[in-house]
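Heads up: the structure comes next, in structure tokens.
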Amino acid sequence: MASNVQHTAPAPITSPPKALDHGIRNDVDGLRAVAVLLVIFYHVGFGLFGGGFVGVDIFFVISGFVITRQLFKEVKREGHVSLLGFYARRAKRLLPAASVVLAASAFMTWQFLPKVRWENSGGDIVSSAFYFINWHLIGRSVNYLAEDEPPSIVQHFWSLAIEEQFYLVWPLLILIALWFGRRYAVKRSVSLVAGLAVIAVPSFIYCLYMTHHDPARAYFDTGVRMWEFAIGGFAALLASKLNKMPARIGWLISWTGLVMLLGSGVFYNDTMAWPGSAAVVPTLGAGLLIAGGVAAGPTGPVSLLGTRPMLFLGHISYSMYLWHWPLIIVAQDHYGTTHLSTKVGLAIVVGTIVPAYLTYRFIENPLRYSTWISGSKRAAYSVGLNASLIGAAAGLLLIAGFSQAASATRDVATTPGAAILGQTAAGTTIPSGQLPGDEDYPAIYPNPLKAVDDIPALYNSGCQVDVPTTKPKVCRYGSANARTTIAVVGDSKAAQWVPAFQALARINHWQILTYTKSACSFATITITNAGKPYTQCRTWTDNVIKDLTTKSKPDYVVTVSQKGRGIIGTKDGKPQTSKVAFEKQVASTWNTLAKAGIKVISLGDTPQTGMQVYSCVAQHQKNYFSKCTYDKAKGIRLSGLDEQRAAAAKAHVPFIDMTSFICPPAYKNACPPVIGNVMIYRQGSHITKTYIETMSQQLGIQLRKAGVR
């Protein structure tokens, strides 16, 4: 995180702690310890610290204070800011330790994590090495195809990336503020405070807007966080006045700040929209603690934060932050759960301190206090650049190893998929080659390591709109002069069937229209997404209905209506049950289409596995039939298939159930991971494009039975 305030090697405390001692802020160093412990306690799952994620926001405030303070001192001392000198100090201070952890993370991924995670981990390590992983994660957070992808081993680098981007632009903003001050004869301190306000106010407004409209992006967006750095900047610029406030006021302000940030760490939880307005409490708390710390004197928070243990943890807080997350990811994979026991969590906390101290002792400090590097900007830049290149190289090696393991092309003759089941999949005997002992891992297509990439082409052509979008995107396939037009409408569960419809369109001379939107079941009622009302989905649905009934006017609409999403609805002023609300939503939607002369067909959702089948197959290459099957009844229950069938019957709409081609009756209450040498699932709830294509003939038969001509 932010650099330590002190400019000399830390010395043992031999006198009562002081908030300010020749430029050293012991309370700020202790605050680093609080911040990193909050983050680690939250990540390992200690229930008392449900809001421990605020530790990152506290670090942002500390960074804003430290960096603005350093730059302001340089301006007062030299009359200007040396950009090259500033960047050189940041490079030698932060990049080497980070590169060591990135290289270690690549090694841990190669040694302990499944191969299926190598490629994404390698890409994340490269983006971390060059500090743009927060933008990389923004792309992933809005990618509905990554729904069950586990967290990256270097995901915590997102906050470090934001800090590095802050370091890149902050001195420039300071220089611009100083230029305006000289240009218009404004006092230096006033121009800098005004400059911070110009940054903080728009950033905070942007934060509120993005947290409400696109929370997935807001969390990682640099612009959303700039106001938090500005809070620390205000404390730094106003320090001379703040340090002279009466001790009683300083004591009250600083202790209030500590209570605010600790209270946030305890009483907040991860269901809150974040950062948003809620982030004001911990960040303002950190700002108040810093602002009043010096005036409060030895009875202020420094009496707690300036103790030997807190200073020790504060000094190694940057390295602790670097090391804790890779250890957590390895532990989660080892124990097969994201909910680690208290015993394991404590072991990780203690285990983090050891590599953190070694990194601080043998990498951070030697480079920070090296006279050779300190005396040469070129040497500092060389150290920083080479450190980043080492981290990036480690990530590229992972990607190369994955690519070699995952290379494969499909042999249609040996990968028939659902075709081996026949037209009805009603056989009572498991097909040849489908029993334990018949595993033929090299023949499987898609390669389990690449199954997540086996997606319909509509994703790459922009035909599925994302969460914020409310305007329908219509894509057309097949014959423009077709006698039969079918619209496939819904979320990704509808989109997954488009390859089969494309194949049927070629054979039957149909035209296929697609209206699909991420996480949006086709329904004229507001549902929830990520725990919040998904108003964009409702608006999109209304727009789709208008387009279907007034413009495209297809003969049929085929839709997949999921039950799994939360439904917002009331009856007589009381919340409706899920079943009642579900039946109401589909009946309302389908009736509107029926009145316009459009026939509706409900296509049942596919069973949800509750596991990463592709990862399991990749790990159990010799016995995946016995290790990677899942419970059929549970899969159907998770998908809500029975409720969908009941809703269709009540609305007198044909219902198509393709479960028997995914979980054939011959397997009784089990579902295999592979049929006909084709991977069935690319995610816990989505079917591979290849397997969908092999079901096209069976789907065509079911559509004919439903009345399609």
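Just so it is clear, glycine is given a Cβ too, placed from its N, Cα and C backbone atoms.
Under the heading domain 'Acyltransferase 3', TrEMBL lists 26-359. Computed over the domain 'Acyltransferase 3' (26-359), the whole-number mean pLDDT of the model equals 93.
Feature annotation from TrEMBL assigns domain 'SGNH' to 471-695.
The transmembrane segment annotation in TrEMBL covers 40-67 (among others). Note on the transmembrane segment (40-67): residues 1-3, 5, 28, 31-32, 34, 159, 162-163, 166-167, 170, 225, 228-233, 235-236, 261, 264-270, 272, 274-275, 279, 282-283, 286-287, 290, 320-321, 324-325, 328, 338-340, 342, 344-346, 348-349, 352 of its chain, located 6 or more positions outside it, place their CB under 8 angstroms from a CB of the stretch.
Per TrEMBL, transmembrane segment is recorded for 94-113 (among others). Same-chain neighbours of the transmembrane segment (94-113): 3, 121-122, 125, 128-129, 153-154, 157, 160, 164, 318-319, 322-323, 326, 329-330, 333-334, 355, 359-360, 363-364, 367, 383-384, 387-388, 390-391, 394-395, 397-398, 401, counting only residues six or more beyond its ends whose CB sits under 8 Å from a CB of the stretch.
Taken from TrEMBL, the feature transmembrane segment covers 157-180 (among others).
Sequence annotations record features per position, and here TrEMBL assigns transmembrane segment to 192-212 (among others). For the transmembrane segment (192-212), the residues of the chain that approach it from at least six positions outside its boundaries are 68, 72, 173-174, 176-178, 180-181, 186, 218, 221, 223-227, 230-231, 233-234, 237-238, 273-277, 279, judged by C-beta separation under 8 angstroms.
What TrEMBL records for 224-242 (among others) is transmembrane segment.
The transmembrane segment annotation in TrEMBL covers 249-268 (among others).
Residues or ranges marked as transmembrane segment in TrEMBL: 274-298 (among others). Beyond its flanks by at least six residues, the transmembrane segment (274-298) meets 16-20, 25, 27-28, 31, 51, 53-54, 57-58, 60-62, 65, 207-208, 211-212, 215, 218-219, 224-225, 228, 231-232, 234-235, 238-239, 242-247, 249-261, 263-265, 268 of its own chain at Cβ-Cβ distances under 8 Å.
According to TrEMBL, the transmembrane segment annotation covers 310-332 (among others).
Proximity of distant same-chain residues to the transmembrane segment (344-363), defined by a Cβ-Cβ separation under 8 Å and at least 6 residues beyond the stretch ends, is recorded for 40-41, 44-46, 96-97, 100-101, 104, 313, 315-316, 318-320, 322-324, 327-328, 331, 335. Under the heading transmembrane segment, TrEMBL lists 344-363 (among others).
As annotated by TrEMBL, transmembrane segment applies to 383-402 (among others).
Sequence-distant contacts of the transmembrane segment (249-268), counting only residues of its own chain at least 6 positions beyond either end whose CB sits under 8 Å from a CB of the stretch, comprise 27, 34, 38, 42, 48-55, 58, 242, 278, 281-282, 284-297, 299-301, 304-305.
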